[in-house]
Amino acid sequence: MKLPNEIDEYLASRNFSENTRSNYHYDLVSLQAFFEDKSLTTENLELYKIQISNLSPAAQRRKISSANQYLLFLYQRQKVDQYFKIKQVVQKKSQTAQSYHPMIKEFPEFYGPLTCPGQFLALLILEFGLNFAEIQKLKWENFNWNFKYLTIEKAGIKRVLPIREKFAIRVKAINNADELFAKSRQFLYTELKKFTNYSSKEIREQYILHQVKAGKSIYELATLLGLTTITTLEKYYR
């Protein structure tokens, strides 16, 4: 029995975000290519598992999960006459010991009355996961205070990030933000350092940790951060 190509139909049946859809498409096209000259059997699925064993454990688990969901879809739609499932990769103790789980911080001091540019920068990084390069490209008009969202454009791709009320009530009265956004990276770095000993990288990581805690999938988080791959995020999901 051959593996039928129902990738487009499968993706159309799922309510995926554009980024998640793209990642599923990539994984399933790779699976389809592997079975191009092979029959769909338990033995060949094991060979597929061996082929991807050089990837990180997180990447292996993602690909196996994608394949298993697709195989279940095919069986439920009677495209195959047997339900196949690849056994998931087991996380070894050594991998658990090496997992990366920094402590989540709340930064209550960031949410006091706004007193300096560095505090505003810290809030932008903590609330939206922005880096200095992205902050420099911001315009005050990107903030929609009526509907509470921030629009960011990067490499021709727009992403829309929700604005929380605790951020809005502290910063929406600012009238000279564009002056700050136009400053050099060194200026932004210096102003942030005046306000807090935490670096922009450390604060941005806290944004990531809070999103993981909130239940965002690795693909959803990559979309929020404007990333084209999930490689740098895998350590937070091990």
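Glycine is treated like the rest: Cβ placed from N, Cα and C.
Features reported for this protein in Swiss-Prot:
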type: DOMAIN; residues: 1-75; note: domain 'Core-binding (CB)'
type: DOMAIN; residues: 90-238; note: domain 'Tyr recombinase'
type: ACT_SITE; residues: K154; note: active site
type: ACT_SITE; residues: R204; note: active site
type: ACT_SITE; residues: Y236; note: active site, O-(3'-phospho-DNA)-tyrosine intermediate
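Mapped onto this structure are the features recorded in Swiss-Prot.
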residue	record	DSSP class
K154	active site	strand
R204	active site	helix
Y236	active site, O-(3'-phospho-DNA)-tyrosine intermediate	helix
Query raised in the report: For R204 (active site), which residues in the same chain are close in space, meaning a Cβ under 8 Å from its Cβ, but six or more apart along the sequence?
Result: I125, L126, G129, L130, N131
Query raised in the report: Looking at the active-site residues K154, Y236, which one has the fewest other Cβ atoms within 10 Å of its own Cβ?
Result: K154
Query raised in the report: In the domain 'Core-binding (CB)' (1-75), how many residues does DSSP assign to helix, to strand and to coil?
Result: 55 helix, 0 strand, 20 coil
Query - Alpha-carbon distance [K154 (active site); Y236 (active site, O-(3'-phospho-DNA)-tyrosine intermediate)] in Å - result: 24
Query raised in the report: Taking every residue in the domain 'Tyr recombinase' (90-238), what is their average pLDDT?
Result: 91
